[in-house]
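Asker: Below you'll find the structure I mean.
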Amino acid sequence: GAGENVSRSRTTRETTLAVLVLKHFLCLVFLPEVADSFDHKKFFEIVGLKSKSPDDVKKVFTVLDADNSGFIEEEELKFVLKGFAKDGRDLTDKETKAFLKAADKDGDGKIGIDEFAALVKE
């Protein structure tokens, strides 16, 4: 009915807004000259992952888990920003290792879905 259209246009607007915020954020944080500036907590907050449902968090995890191994490995972590914006920069080795260390609670060198979900909510 009519109610559906309203909610649909709101979602579109929210998505557009999210994209704008993200683009602004990408400009601020992901430029190579601010290397080693990546902060996963700030990142998850700004991309709105913190307030997303477990399903949405799982979807993001699936996107980042490029080889579908069920884990995000260091190599994939390096490209985390590309999962949110095609022209996002690669993380530096230092950032990648810090990100991995923050998420990898069981020390196996990769991030499982539970570790990722826990990290997002931190």
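Don't overthink the numbers, they just go from 1 along the chain as shown.
Backbone N, Cα and C define each Cβ position, glycine as well.
Just so you know, TrEMBL annotations are computer predictions that nobody has curated.
Bear in mind that the values here come from a model prediction, so they are computed numbers and not experimental data.
Grabbed the feature section from TrEMBL, which reads as follows:
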BINDING   Asp65, Asp67, Ser69, Phe71, Glu76, Asp104, Asp106, Asp108, Lys110, Glu115  Ca(2+) binding site
DOMAIN    52-87  domain 'EF-hand'
DOMAIN    91-122  domain 'EF-hand'
SIGNAL    1-37  signal peptide
Asker: Across the whole of the domain 'EF-hand' (52-87), what does the mean pLDDT come to? Round it, please.
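Answerer: Over the domain 'EF-hand' (52-87), the predicted model scores a mean pLDDT of 89.
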Asker: Per DSSP, what is the helix/strand/coil residue tally across the domain 'EF-hand' (52-87)?
Answerer: 19 helix, 3 strand, 14 coil
Asker: Across all chains shown, how many C-beta atoms besides its own are within 10 angstroms of the C-beta of Glu76 (Ca(2+) binding site)?
Answerer: 20
Asker: Which entry in the list of binding-site residues, Asp65, Asp106, has its Cβ near the fewest other Cβ atoms, using 10 Å as the limit?
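Answerer: Selected from the binding-site residues Asp65, Asp106 on minimum Cβ neighbours within 10 Å: Asp106.
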